[in-house]
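The annotation transmembrane segment is assigned in TrEMBL to 6-39, 46-69, 89-111, 123-145, 165-185, 192-209, 215-231, 243-264, 348-372, 384-402, 414-431. Positions annotated as domain 'DUF6418' by TrEMBL: 311-418.
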Amino acid sequence: MNVLAIVWFLVYAINSLFPASLVFNIFSYLLWLVTVVYLFRMKVQFTFFNFMAIFAYTTTGLSCLIAEFGSYFVETQTISYLTGATSRNLSLCFFLLYSSYAGFSLVKRLLPTTYPQIISLNRLVYSFIPFLSSALIIGLFYISIRYGSPNDYNVDRFYYWANIAPSWGDYLKFNLVQLSFLLGMMYAARPYKWLLVMFVLGLIAQILVGEKFTGVFSAIVFFITPYFIIHSSKFNVFSTKNIVITLVITFIFSIAIYNSYAAIVGQKNATESFLSRIILQSQMWWAVDNISGEIKDYSELIRSFFGTASEDRYRGIFYLMSQITPPNIFEGYYEKGINFTMASPVNFIYFFGYPLSLLVALPVGFICGVLYGMFRIAVMNYDYWIILLFIKIHYTIVRILTMGETYALTDPKFIILCFIALVYTLFVCLMKRREKVYAI
């Protein structure tokens, strides 16, 4: 990991001193792929906690690399060209993960892996998970039968939840995704087939109410993460089984997404819309990087980066959208609550300038790594009740690392969740060191 860090620091330095180069962009992306392979082979537990961020960085990096050959971003109405955005963003992606691994390793080194549990509370949560999951699945099936799917009306899922189906259904879907982690925990402990059936029914329910990729993908990642954390020694990224499963899932996702676009825009325009969506994955990376320069003034940093602004339009990803999007287009998205994707790590470049962005990204990654280190201990102990809190923390971290919502670190709710998780983790680990066992 340290050798990779040295190479990536050279990439960071070259990006700071020399003009953009297509060859260097390609080199940076290939170096990123080497980094990903290394992480999956050598740092399995850490990698699966960060799976969604790593996947997002990998796909967005490829999209940005293609865009720098020259593309048109429909939503921002800009034509892209070679700027070096791919290399700059990927270098920050690495250092976010590198500092996160430092925090993760620190917790792993200082705290014991096993500790005494609150047995009765865990049994209660364990028994409640299947019933709650079933209720959410039934609720989504009811909505799909009663109101149909977005494809039936040729609309996207945002319009569907805002104007057709009851809005609480979107909340059911959101919670079902997070419960997938707990179902995965149960499956990792005892691989009962009925757990797989329940999980698959949950995926089908999400698809029926218009989820194309993000929700379904998140649910799959949440479900498999506990298994590979607990059984990390058995994982081989290059095994025939894992390669085949990955290819099959990728194919199914591609077909599902394509058919969804075909239902909305018609079979004739589906391919064009599908390819356009792939290119749009990197529009934030390229467009925000393209208007970035020196560090912003103090008031803008406090208001928009640290998130003290009273309205979402003036902070985080919506603020960055407003800087790169024509006003009429931005207002349309903002009123519907629709945001673009992947505002991180380009948000660090925008607010602090590329030369200083590394100094801000490192502590952010470290904090996330410390939290993941505590999360790992809870997973290894099958401590279901505290994992309920850690799932909320995990979801916020994913948004910080991918959507650029760094201000979430100072959100009171997030701070309270982290405080409870920290105090509990330190307490039970202290009990372990004193060799006391509590069974309440």
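For all residues, glycine too, the Cβ spot is worked out from N, Cα and C.
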Annotated stretches the transmembrane segment (192-209) and the transmembrane segment (123-145) touching (3 or more Cβ pairs under 8 Å): yes
Composition by DSSP (helix, strand, coil) of residues within the domain 'DUF6418' (311-418): 88 helix, 0 strand, 20 coil
Intrachain neighbours beyond the transmembrane segment (89-111), with Cβ under 8 angstroms and 6 or more residues off its ends: 1, 4-5, 8, 11-12, 15, 28-29, 31-32, 35, 39, 43, 46, 49-50, 53-54, 57, 60-61, 64, 285, 289, 344-346, 348-349, 357-358, 361-374, 376-377, 401, 425-426, 429
Contacting positions for the transmembrane segment (123-145) when only residues 6+ beyond its ends and CB under 8 Å are counted: 165-166, 169, 172-173, 175-176, 179, 182-183, 186, 198, 201-202, 205-206, 208-209, 384-385, 388
Contact set, same chain, for the transmembrane segment (348-372): CB under 8 Å, 6 or more residues outside the stretch: 12, 15-16, 46, 49-50, 88-89, 92, 95-107, 288-289, 291-296, 300-301, 304-305, 320, 323, 390, 393-394, 397, 400-401, 406, 409, 418, 421
